[in-house]
């Protein structure tokens, strides 16, 4: 299973590489696997170094994680917010520090991780093409950090207030367990950062001609529904407020993507007019209704066409042939015996009609066996056996 999935992913990677550099040769499966291993090792090493570096400042990072409690109004200061947390696990504080350091390491090392991913997905790039990726990396990093900050300042405090008030409706006192609180807040921030990468994905599809301005304009309603479902799936809380706070910015980002797709497509049309003219021609041909042929006719029979030259023969073959009536057989009593006297020829009789000689056999006028009826065949069998029919 895993080998099949990797094989499909590697084939897609090979296709992208050949499109960028047609002169390159295809790589075998093991070479792609080696490139994947290299990318993973680079990403793991980068995350390990960044996590170790941020772990040194775990106290400062923990104070940053506690600040949403102050923003939500549960404590006036960060020191007071620390008094709200309880610990129910022996290794809880240590795992909390590791978790906070890991999330901070991902945020700090995100540009390098993004570069490693692009190097694997887009192999064979030259130095000039790699320089063109720097703006995309900068935009992607800015969107990721912007999503994390939006979740930290705007969404997370309101989510904490919602859950605390909901617990109060059930008569329960809200107790903030340190491990659960840190896990919830870090995942919440990270999910928003990843969700804000939507414009990068959309613009990449536009550059690959998978999405166009026309498609995005005609399907914007479907896109809004898809964004809402996406936000509902990745949102760590089930409340409607958090869902709207996540999906709202994504709606705006998608609208910006539509506008950018228009200008990018306009620029490309000016640079490559022949290419887009061919695309429009292909789209018009696809929009045409298919021409009806003989197969669309319900009464069409491909084996017996009206234009067939052998139609009359086929019709004659299909019609049943009527059987001939059985010949009348005279009874033996009605047969007049021949006399020994010669028969006088009548006057005016055709001289050409002469009795056949004894040695000359009369012409066989009987029908073939395939055209005889069952009664005729039975009568012939009885005559051959010496039992004439009654």
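Note that Cβ sites are derived from N, Cα and C of the backbone, with glycine treated the same way.
Checking the ranges 20-37, 218-235, 272-289 against TrEMBL, the transmembrane segment annotation falls on 218-235. Checking TrEMBL for transmembrane segment across the ranges 65-85, 296-316 points to 65-85. Most Cβ pairs under 8 A with the transmembrane segment (97-120) among the ranges 39-58, 132-155, 178-206, 241-264 are made by 39-58. Only pairs six or more apart in sequence are counted, and the transmembrane segment (178-206) with the transmembrane segment (39-58) gives fewer than three Cβ pairs under 8 Å, not enough to call it a contact. Counting C-beta pairs under 8 angstroms (sequence separation of 6 or more), the transmembrane segment (218-235) fails to reach the transmembrane segment (132-155), with fewer than 3 such pairs. If one looks beyond the transmembrane segment (39-58) by at least 6 residues along the same chain, the residues whose Cβ comes under 8 Å of a Cβ in the stretch are 97-98, 100-102, 104-106, 108-109, 112-113, 116-117, 119-120.
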